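S.K.: A single structure is presented below for examination.
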Protein chains: 2
Amino acid sequence: MKKIRIGMLGLGTVGSGVVRIVEGHQEDLQRQTGAELVLSKIAVRDINKSRKVTVDPALLTEDPWEVINDPEIDVIVEVMGGVEQTKEYILAALDKGKQVITANKDLIALHGPEILAKAAEKRCDIMYEASVAGGIPILRTLVEGFSSDRITKIVGIVNGTTNYILTKMTQEGASYEDVLVEAQRLGYAEQDPTSDVEGFDAAYKMIILGSLGFHVHLSLNDLDIRGISKVTSDDIASAKRLGYTIKLLGIAERQDDLISISVQPTMVKDSHPLASVNGVFNAIYVYGQAVGETMFYGPGAGDMPTATSVVADLVAVTRNLLTGINGSRSSMIMNEKKLKSDEQIVSKYFMRLHVADKAGVLAKITQIFADYDISLESVLQLPNNGTDEQETEIIIITHDASKAGLNKALAKFEEIEVVKAVRSVYRVEG
Amino acid sequence: MKKIRIGMLGLGTVGSGVVRIVEGHQEDLQRQTGAELVLSKIAVRDINKSRKVTVDPALLTEDPWEVINDPEIDVIVEVMGGVEQTKEYILAALDKGKQVITANKDLIALHGPEILAKAAEKRCDIMYEASVAGGIPILRTLVEGFSSDRITKIVGIVNGTTNYILTKMTQEGASYEDVLVEAQRLGYAEQDPTSDVEGFDAAYKMIILGSLGFHVHLSLNDLDIRGISKVTSDDIASAKRLGYTIKLLGIAERQDDLISISVQPTMVKDSHPLASVNGVFNAIYVYGQAVGETMFYGPGAGDMPTATSVVADLVAVTRNLLTGINGSRSSMIMNEKKLKSDEQIVSKYFMRLHVADKAGVLAKITQIFADYDISLESVLQLPNNGTDEQETEIIIITHDASKAGLNKALAKFEEIEVVKAVRSVYRVEG
């Protein structure tokens, strides 16, 4: 039986999972592929560190170049993370004609085009299923399952940390700060949670999903990114009262050739399937012109789910090696990228305004919306039962409005005296 | 650009969808595959029939053999339905070295092994993504996405008609008979609804899912099949009261090497993602040893969703044709099939018993469960407020119990006088 030799960069959480699956499922994998999958070399930072899996110490090296330069190695599995240095390793591996599998979303989101171009030039496979939504085979689904369709919208809950925090806030009425501390204690959030809670992790994943779904090269500058650190329990309570749940959604849309893409906390109708995706789970909603609406749900992180995706890539690469067709798919032509302007980005919006509690205020506010051509779906003026009798709260949900129009209305509210504060503004989905 | 010539058998609902996608998405398809996809010949029953799509009349023939025997044709797309005659066409096409795509679940469920063996012998592709769950690319997900994992459970809502009926019964408290008539009027149910409502359609789909998931050849005799025609509004109301929803579930399980597979109306905990899959939508829950729980949701039928899957197969076949690797995947080794005995099939059960309303009855009943080693999770004796004062209802949910043990207890209930009737028994999931 032919041996496929694997060199791995990194042996952390995901890397340990890869070792476990390649060893534990070896017999199944051989039957699936017709080849023996051999882990031949693993680069680690510290050879002497104690690890969650037992690995023959002879396989370990502290020098990644030893793995990349090994002529025996067919496939490089990169699970070490990092961007600039790691890019150098991967480009060098491709240059040597090795197939590459990576779980590194930052790398693919930031340098995908350069890496894909190198893979195409060298007729090598570059696969990165594990970079988005852990164990959900969503990239395969977009590329293979919907190859016949024209995808028009991808909406994803793609960050488990923020979904855990929002779920807890919703279910227990707790504050953002308290839940974040708990999430950090449980290991669901990093000590520096910025990348998760400010939406950057989700943004990287949406870049990958949008690029594959719409066949364009998207980059970080193309996204509007807003995290969850400003979401308050009051916002969540207001959402609940109106039959909505707040979720951090990545939304990529295509209308004709125009694309918009964003990450933001969004009010999702309770009847929408995404509203009931709770805890650290991920889900991706895909709309296709022909297929209509579909959803894919599963664990978004974790050693074994993520390793499942890495090893599924390994199976695909191995099959390609045995039939000699590696790199045959990397020459896909790309569409020209045209982004929607703020005038063209249209959505429903929810907002909470604190206003002076006196006659004529509501008329003034609704007139401003009318001036900017924004019609309103519902207006809810709450009875003033707070401590400050001079102010009251108005909750507004608009019909579809352009982002530009909305921003003008919001700017106007800043100017007029009767609006004391715009407490919050959310996009509304479903 | 290379031309890939397609011969189609059938031009009904799905066939029309295939024509629309191949024509409407031609440019995208060419960029995806690097080839031109040409519909060269279509066999129909009646050339002169008026159709939903416009097709060049020169392409139509009433003789399927004219399509199969055309040496120019590379791929046969079978969307005509039927079993014995259709099998003959498909085997003949494979014999001529043509690639075959079919949407025919009955055919694959009943004759899959023979057809797959012929495809392997001739090194041809046989693909049938559209045969299960319409637009959801679930077969690809099982075969490619989870190629690295060991799948241990597949639970599916795979029949839209019965899910529509159960959803309506649940949401409106309507009777089975009334909703069935409405579903027939709306075209969601056939005039002879047997195949859907008695679970056979779902059974065929579960055979395909189980065979791919567990790498065995399953057949109709391996399944326990129960439909929804005996589900009453009382059952649904009782389920609701306890926090459950009744769904027609296909359940395929694998424990070590032992398999069990069934289709039956099942009580699903309201918090389980399958409980909120409503109307004609399908969803398939997949558990893998490494990945954990995942779910795939989408339209289970309809011309365009199903055609999306057919054309995705067409894209895959075309890519294989261009790289010359057709049939390279059909030689997968199969596991030996070992079915669980009724002693080994273990589940929670719900039941409604009508019993004599007198002292000692509950003791007698719980003693029978104890005799067969079945422990109870909850027992609910309803206050007797019916017309017949001699009887009352007891609702029981067991802990995990063997199917054999349960059947013995049920047989015992038939014998003893205090149990007037076993109104219903359901498996419980989640």
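The backbone N, Cα and C atoms fix where each Cβ goes, and this holds for glycine too.
TrEMBL lists A:Leu9, A:Gly10, A:Leu11, A:Gly12, A:Thr13, A:Val14, A:Gly15, A:Ser16 with the feature NADP(+) binding site. Under the heading NADPH binding site, TrEMBL lists A:Lys105. The L-homoserine binding site annotation in TrEMBL covers A:Glu190. For A:Lys205, the entry in TrEMBL reads active site, proton donor. Per TrEMBL, the feature domain 'ACT' maps to A:350-427.
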S.K.: Using C-alpha atoms only, work out the spacing between A:Gly10 (NADP(+) binding site) and A:Glu190 (L-homoserine binding site) and round it to an integer in Å.
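M.R.: A:Glu190 (L-homoserine binding site) has its Cα 19 Å from the Cα of A:Gly10 (NADP(+) binding site).
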S.K.: Just give the helix, strand and coil counts over the domain 'ACT' (A:350-427), going by DSSP.
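M.R.: Per DSSP, the residues of the domain 'ACT' (A:350-427) fall into 24 helix, 32 strand, 22 coil.
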S.K.: Output, ordered by sequence, the same-chain residues six or more apart from A:Lys105 (NADPH binding site) with a CB under 8 Å from its CB, or 'none'.
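M.R.: Those within reach of A:Lys105 (NADPH binding site), by Cβ under 8 Å and sequence separation of 6 or more, are A:Tyr128, A:Ser131, A:Val132, A:Asp201, A:Tyr204, A:Lys205, A:Ile208.
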S.K.: Please identify, from the binding-site residues A:Gly10, A:Gly12, A:Gly15, the residue with the sparsest Cβ neighbourhood, meaning fewest other Cβ atoms within 10 angstroms.
M.R.: A:Gly12
S.K.: Under a three-state reduction of DSSP output, how is A:Thr13 (NADP(+) binding site) classified: helix, strand, or coil?
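M.R.: Going by the DSSP assignment, A:Thr13 (NADP(+) binding site) falls within a helical segment, counted as helix.
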S.K.: From the centroid of the CB atoms of A:Leu9, A:Gly10, A:Leu11, A:Gly12, A:Thr13, A:Val14, A:Gly15, A:Ser16, the recorded NADP(+) site, which same-chain residues not already listed sit within 8 A by their CB, in sequence order?
M.R.: A:Met8, A:Gly17, A:Val18, A:Val79, A:Met80
S.K.: Note the mean pLDDT of the domain 'ACT' (A:350-427), expressed as a whole number.
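M.R.: Computed over the domain 'ACT' (A:350-427), the mean pLDDT is 91 on the 0 to 100 scale.
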S.K.: For the residue listed as 'L-homoserine binding site', which of the binding-site residues A:Thr13, A:Gly15, A:Ser16 has the nearest Cα in space?
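M.R.: Answer for the nearest of the binding-site residues: A:Thr13.
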S.K.: At a 10 A cut-off on CB-CB distances, which of the binding-site residues A:Thr13, A:Ser16 has the highest count?
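M.R.: Highest number of other Cβ atoms within 10 Å: A:Ser16.
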